[in-house]
């Protein structure tokens, strides 16, 4: 007797487990047919076996609003809405045996949540069918998200016309005509790649910024090693037609290349024109300089135009291209520091002591006018030379100006002091001719030395040397008339070795001192030469080549003038003693 009841109990439990497993298998079969949109098989299972259309089962899928995969509780209506099975969905709704607002599973999602989370091709039609069946657009899941909130997270996988239509549908507005228009105008692109959630949105974040679009979009190579949709990737791939050259590396313009339109350009990457639509419209000179005709309703995946007037980039009125934003743009507000000043092609020629072949003598009347015309410092040339050389040249102008003024004043004082000693007009003219021979005819402009001085200083030394030599020869005019004049030797007027010298050595300076002493009584003078090492120093000539910025050491001050006057007075005394 005990065995009987126990046997009946075991058999009932076994029957219940078998029936439940069979029921789960039948439900799983319905879910499979709903996902594949196999209406005939789905109807056969429902009509012949009498399966419940509102029965839920476990379905392996992605959780709504998450990237995690797992077994979730779903009804055939939810699966049909998720995969866009419009035939099965319409059949289920037409029977009226399934609740369109039923929430099941741990997520407590509805068929409308599943429809927007699936992002299927027929998503708009599925949502429209559910809304016609009185589906609630404000229903919330376990996380408090409405269908519209779920769609915002996955909208980057939807094209713009469909996205706008879905948003209007989920907001509950009267959008019947707008939905039909959006569906008709939608450009359906058949892609062999499924939607990849790992790809970043090319219109969001840094990928949608103007800086990335102009200089990095379809320029940098993609680092993904697997096959994916190139149209959804912001980087360039081997063999892609949307490839662009880096505008910072290749100086091309936004003007389309006529040779590239014909098929291929022989210049390749070195061409100065844009190759393709992307290079032309994404060029920094043209990107977002015009307003898009569709504005915020633009359906382009990558748009080259601004959707708002605030997004438009400024355009240069003279060139018609966009104004480049660079760190040097702030210099335009500062006078004298504008980048245009550095790019000037007009430069001042180097200042030379010989302007147009005329020696820069203090007696030259046009010297001052030539100097006034070159007072303006030359423009800095970044292309031809360095800034340091240009700066030194500009500084040397002021130094040469002051040097010439000093030379003019000194020359007048010497002539006033010794002008009365010249008694022979013929010898004066001969002396003037010989002095002109010592002027450099065509001095070569030397580059600045390590001290920053140029050949103009050397020319000044040569001029002073010639004057000193000519002044020494004036002693011949003081020879007594009873004695025969010595034969003039023109070679003695030059350097001792017969070569043109630009500097003054110690031996030549000592000879000049002996000639200036007026102790010459002829070529047969046997008097012992005096040692003139104690004579006043004439090294003031070297100061002409020094910088004139420091008054105490580098300028012709009162001390130099007093020394010159004392030297002239001593020569006058020696002359009187010689005559007597």
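Each residue, glycine too, has its Cβ placed from N, Cα and C.
As stated in Swiss-Prot, the feature region 'Disordered' covers range 421-451 out of the listed 359-389, 390-420, 421-451. Here the zinc finger (251-278) has a mean pLDDT of 88 out of 100. Residue counts for the zinc finger (251-278) under DSSP (helix as H, G, I; strand as E, B; rest coil) come to 10 helix, 2 strand, 16 coil.
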